[in-house]
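Q: Can you keep this structure in mind? I'll have questions shortly.
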Amino acid sequence: MQEPAITSSQASRVTASGPGLHKVPVNRSTSFVIDQTRAVGGQVDVTITGPSAEIVPCHYSGNQPRLLVQYTPKEVGDYDIEVKLSGMQIFGSPFTSHAYDVSGVKLSIPRGKLGQQVVVPIDTSSAGSGSLEVEVRARGAEVASRLVQHAAGKHQLMFRPGTVDTHDIMVRYNNELTPGSPHQCIIMDAGQVPSRTGGLGAVPVGMPTTFWVDPGNIGSAKCDITVTSPSGLNVPCGFTGSRDKLVIQYTPEEVGSHSIAIMADGVSLPGSPFATNVYDPTRVTVDVPSYGRVGQEVTCTVMTTYAGEGDVEAEVSSGDGTTPCDVYRQGEDKFLVTFTPKSMSPHDVVVKFNGSLVPGNPFRCVVTFVDVSKVTVSGDGIEDVRPLPVGKPTSFFVNTDDAGVAMLQVDVTGPGFDDVEAAVSPQDDYHIVEYTPVDVGEHRIKITYDGKEIEGSPFKTWTYDVSKINVLLGGDKKAKLNEKMSFLVDTSHAGGGKLECIIRDPPTETQMMDRGLGRYLVSFLPVTPQPHGVTLSFNRVVVPGSPFKIQVVDARRATASGDGLQLAPINNEAVFVVDTARAGGASAKDIEARVTSPSRATVPCKVRDSGVGDFTCHFTPTEIGPHIIVVTVLRESIDGSPFTCQTFDLSKVKVGPIQDTTAGQEMSFWVQTAAVGKGAPTVEITCAGRSFPCHVKTPPGGTKHTCHFQPKVAGSHEAVVRFNGFEVEGSPFAFEVRPGQSYNTTIEVQSPTIYPQDDAVIPSRPKSLQMRPEHPPLGRRQSEPLSPTRFEPNSSNRFEPNSSNRFEPNSPTRQEPNSPRRPQPLSPRRSEPIAALYAARNPPAHTPTSPGAFTIPEPDYWRDQDIQPKEKIAAYGQGLKRAVEGKISEFVVDTTGHPRSSLEIQVFGPSTMIPCTVDRRGDKHYASYTPRQVGAYKIHAKYGGQEIDGSPFQVTVVNPKKVELLGDWRALMGNTNRLSLTVDEQFTFPFNVQDAGPGGVLDAVVQGPSREVRAKTVQKNNGRQYVTFIPKEEGEHVIQLRWLDFELPCSPIYGDARGYRSDPSKVVVSGSGIREAFVNEVAEFVVDGSDAGSGEPMCVLRGREEEVEVTLMPFPQKRDKYRALYCAEKQGSYRLHVTWDEAEVRGSPFKINVKKTIDVSRVRFSGITGAVLGSTIRATIDPRDAGAGGKDKSFYSKNILLG
């Protein structure tokens, strides 16, 4: 019988109790009791989980209703006890018990001092949860104490001893004595410990030293001695002695005051810590003059900064005996030793520190005579002949051979008055001075000998730093072939010197123009498309980075190829490749591809580096029609640019119904390409991996193409429809071909007997054989006359066609493996009767033996034959209509459906025949040629010796690059490289097209901001044509120019139309540069056209002998305001012409006087040799040689107070 289920109410009546549910010690068994008295039945389950989440084993004993549970905790922490009755929690479950370990209670008991509070730290953090109790007793009596908890598990016991007796400390944790209790604390009376010392004072570093201490009567107290250095480190020490005297030994390793602490049972001795001074005589520096003078005081300097505290002693002696000396203290660490030599003999100075000799003793001072006027200098480091490089050591010589022996002092000061370290190396009769300049600019060298400056001191030298030359090549470092390349070199921060430039690889002439303020404009004309190495040197030192590699690019040698230049479906990404390998190399940012749609909209085109030496251009056309693609490298058109890509819409190609048919029966369907775009469809029929031709007929000017196909075999077929080589939507189209009907053939034999022999029907008495089909032939053969065909046997008794019945074998029919050989089918010419000689290795079922008629099944190969009229050979491509001089032109000849034969193409130019190459790919022949001159060409194409339809083709060859814009193109475009147009004012482009070829009339399209502007072209004599248009609205205008559908290299041209003309009279020209300037100094003035209306300024500065270039720089964030700079190289009068939109501004031309640069060092001053306070001073100043010009001028001043 199954027990009744236990409810939660019944489980809650079960209780648990006992010490095992509360605080329990570790490693001791504990228990608790489960009482089921009030519950009925059920199974009890107990689960105990320790602090580390491990299950603790437990044991059950006793009988229901009281059950004893025992377990042993192994680690300190909380235990979860879960008690369930038949899976239901009992009352109070889960329970938590706390395991503790009294051995985890840690005490740190110090020595105490009588009358002073003793603090004992107690740590229970490792003992587990519990309560701490502490009791302090001395001589059996309890001592007042206080227990404070200042952190979890951290306690402090505090009490104040009243006697020197040992105090017992009893510690209980959870009412259990801790191991070691009672703990003892020793109490001392510090006031009873006198002390005396000896041996303390100044101690040399690194030397073992000792001192003693009389500690007095300290009984059996334990002594601790600590020696601490100035840096806080403990110095190892030892001690010996008795109760009367302690002797401490240690070896100091640091300079400074050392602290010596002595503790007796934790109590400091009176006077502790003791101090001692440690010094280091080796760190004393002594500066004794090398030379002295008889009767003149000599001062020696002694520095003890790093030697510690102490006193300095000195003695001076010579060959004549001891010389009196004095020692003076200056500050804490500086001492002066002075003496006066009495004779010309070496004097030795002996210095002691704290009684210890200073290393280097004795220090010698040579006493002699000196003549400073005999000191001379020489060398690159001091001669003001050429600048010195920064960062490189330089030197000079100081010759003191005839000047006597004395102290030489050299002080070098840089441009910022910073001292430059100079090393003086004395030799036998001269000194070598070496120093390294660190800053650009003037350096002053002060030289003193025997304390006096020599003649010429201070000397001046100039330094330069090639690393501070800034070469402004730009980020690209590219130049165009045959186009002047210029870059700026800034030496303004490099110091004075000469800049030189040379290009050796390849040898190229360079030009350099001084722009003033240390800036130079370097120019050269590259004539070869290869990297040019530009080497710059400053003061004959190569500038860092030289040679600078400048890539020279010839855009004409760059090529573009790919389907994206010819044909592309809309809404699909078109791609073409630009190859710049032969052009000198370029980066993606150097290449620009502009794609213009038929509506003159710009199609975005991205240029990407393929990583293999060329660049791919990606664009997605959205309009149908010709897209003009202009490809430029460094803003110059590449070979073949502009290109024309015909785009079309594959989604608009419609294919008529393609229905299932029967083998041998002709089928047809249509392909509609209206509104698709320029191009033609092609159809390919496939079945079981084989391809079959499909004939596509297009009516003249029509867009509905009819496709004809006669299946030869039964099975699943697919029609692959393409437009311009791209599959249309839905392609391939599937259809089924059913097996065709079988026919019989009747053969009449006019001979006694025939038998099969050697693959032919041979009569024994040859007469004749007739073969008449009982059905009309397939395909187009239905319309041909049907008549019996007679064969006469030849000498070998074989029946073959005679001269009136010629036949041509076609390709053999497909033959299955291991099948008897099929007969070779014969196809008659279209104009001849149908006949065939049937022969087989296997004899027919009936062998005729006499004249008469019998019937055999018609062979398969009859159904395989498709006699069609020949289609015209198609030739297409731009190369058959127009071409560009010097560029490859292509066209295609399609011979699909015609027997294989040879294709001959001849291209005749105006004066000679042009080579033409043909690349055959299947039935298509791709022809290419390169015309060498403009004019009319003829192309003859023959296939199988016969001219194809349309041959000869008339081709017009032009050269858009020879369409020449008359006049100054830069003047037309202005500084912004854009046309300045005015609304409602006619603008005219004059062109010379005489050498461009027979292109007819220039085609111009002008697109304004919102609509197209009508443009017209007027033809004049001598090949002149004028394109005119009138802007009708303000804003950007884009002008596209074509010659015979080929875009001109300059196209498109951008211009800005404004609604009014500027007023040059409102242009303000200001600045000192419009009045005067100085030779070889940059002058400046401002051209402000803010109130004059938009326009272009132009400045021309001419003198009698030269024309000076004026550089215009627009002010940032300020429209129509420019800063003008120029630098004249010759003195004289100049005229400055300033125009605004080609009209002179107010005040132009300005007269500018260029003067020589003023050199104030050449101003002569005279007349004052002395003065009396309060009197008038008269002086003469002559500036005629200073460059300012003018006459003598006198300066008078009264009552000049001299102070």
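Each residue, glycine too, has its Cβ placed from N, Cα and C.
Quick paste of what TrEMBL says about this protein:
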- 1-15: compositional bias 'Polar residues' (COMPBIAS)
- 1-22: region 'Disordered' (REGION)
- 6-99: repeat 'Filamin' (REPEAT)
- 92-187: repeat 'Filamin' (REPEAT)
- 185-278: repeat 'Filamin' (REPEAT)
- 276-367: repeat 'Filamin' (REPEAT)
- 367-463: repeat 'Filamin' (REPEAT)
- 461-552: repeat 'Filamin' (REPEAT)
- 550-647: repeat 'Filamin' (REPEAT)
- 658-737: repeat 'Filamin' (REPEAT)
- 767-829: region 'Disordered' (REGION)
- 772-783: compositional bias 'Basic and acidic residues' (COMPBIAS)
- 792-816: compositional bias 'Polar residues' (COMPBIAS)
- 865-957: repeat 'Filamin' (REPEAT)
- 955-1057: repeat 'Filamin' (REPEAT)
- 1059-1154: repeat 'Filamin' (REPEAT)
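I'd like to know what surrounds each of these features in this structure.
A: Sequence-distant contacts of the region 'Disordered' (1-22), counting only residues of its own chain at least 6 positions beyond either end whose CB sits under 8 Å from a CB of the stretch, comprise 30-36, 38-42, 44, 69-71, 81, 83-93, 95, 97-98.
Mean pLDDT across the repeat 'Filamin' (367-463) comes to 86 in this model.
Under DSSP, the residues of the repeat 'Filamin' (1059-1154) split into helix, strand and coil as follows: 6 helix, 49 strand, 41 coil.
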Q: As a test: from 92-187, 276-367, 461-552, 658-737, pick the stretch that has the greatest number of Cβ pairs under 8 Å with the repeat 'Filamin' (1059-1154).
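A: Of the candidates 92-187, 276-367, 461-552, 658-737, 461-552 scores highest.
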Q: Using DSSP, tally how many residues of the repeat 'Filamin' (955-1057) sit in helix, strand and coil.
A: 8 helix, 50 strand, 45 coil
Q: Kindly report the helix/strand/coil residue split of the repeat 'Filamin' (461-552) according to DSSP, in that order.
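A: Helix (H, G, I), strand (E, B), coil: 3 helix, 52 strand, 37 coil.
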